[in-house]
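Taken straight from TrEMBL:
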type     : residues                   : note
ACT_SITE : 158                        : active site, proton acceptor
BINDING  : 64, 88, 158, 159, 160, 161 : spermidine binding site
BINDING  : 108, 140, 141, 165         : S-methyl-5'-thioadenosine binding site
DOMAIN   : 6-238                      : domain 'PABS'
Ligand code: SAM
């Protein structure tokens, strides 16, 4: 982990990345995690939980734009959004850009992550918590989706890797709960790891989420911080066509939403569902 002003990520065995630490801004054992936020000359401010890099100022926009605008623009009529996890606030910042939404619920397990990221990564949330449509709930996301009476058009799982408190967000019970509180025609998307390095995550999610939705697939984006190839995002819906909208429809919705983006474009949206052969083959074995 921390060695001579370097932070070594411990996600993969026998392969990894490190970041030089210019300044440690915050480091503490919270209720759930060992949380550290530090400054790095290349990536800006970096946040890690239990030895795993979660987000950096430099490239977070790719991840947050893709997990927000792809499902919301594909849905086209979403009014109510649920974010699971997302304690750094970046997902909330992108979701509140959609002025047509009526309510946004975010369920994060550790309030310390929210508060420390507001303080030390302020550009992530950029004031989004002050939006009157936002309701922050401090709870376990898996418990929430299996108990809430609320129903949502889009669910975004912005979770940690499937270890520690985040492990429940990859279980069948979680996907069953999501299906339970998803409105007809709704979409669930979920952070699903880097497929080349974590292939089991893709096949397991395909099996588990696929059991509860009519249509399950994945889309992808390369995010430098998540090393080892492209990150995959799981996609589930009872509408089998939402992931295949024409570029004209996506462009019309994107223009109507009047979104300022740095990575997302309608062409990237459409192309992100094209999967490499090794993934297509892996999914065919499930
Ligand atoms: N972008 C990151 C990635 O790809 O690894 C995810 C970052 S976000 C900070 C993940 C958040 O999920 C954390 O704030 C963590 O506290 C939260 N989380 C983990 N397990 C959870 C659970 N069971 N319920 C709700 N939130 C959870």
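Just so you know, glycine gets a Cβ as well, placed from its N, Cα and C.
Note that the structure is predicted; figures quoted are calculated from it, not measured.
Feature map: TrEMBL annotations on the structure.
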residue : record                                 : Cβ contacts under 8 Å, 6 or more apart
64      : spermidine binding site                : 90, 91, 93, 94
88      : spermidine binding site                : 47, 54, 55, 60, 113, 117, 121, 124, 125
108     : S-methyl-5'-thioadenosine binding site : 85, 86, 87, 114, 136, 137, 138, 141
140     : S-methyl-5'-thioadenosine binding site : 107, 109, 165, 168
158     : active site, proton acceptor           : 67, 83, 84, 85, 86, 90, 91, 191
159     : spermidine binding site                : 84, 85, 141, 166, 169, 170, 190, 191
160     : spermidine binding site                : 49, 52, 54, 85, 166, 169
161     : spermidine binding site                : 11, 52, 193, 198
- State the three-class DSSP label for residue 140 (S-methyl-5'-thioadenosine binding site), counting H, G and I as helix, E and B as strand, and everything else as coil. coil
- Judged by the number of other CB atoms within 10 angstroms, which among 141, 165 is the least packed of the binding-site residues? 165
- residue 165 (S-methyl-5'-thioadenosine binding site) - helix vs strand vs coil (DSSP): helix
- The correct three-state DSSP answer for residue 88 (spermidine binding site) is coil
- Query: So what's the mean pLDDT when you look at the domain 'PABS' (6-238)?
  - Reply: 97
- Note on the structure: Greatest Cα separation in angstrom, residues 108, 140, 141, 165 binding S-methyl-5'-thioadenosine per the record, works out to 11
- Compute the centroid of the Cβ atoms of 108, 140, 141, 165, then list the same-chain residues not in that set whose Cβ lies within 8 Å of it, in sequence order, for the S-methyl-5'-thioadenosine site. 84, 85, 107, 109, 110, 139, 142, 143, 144, 159, 166, 168, 169
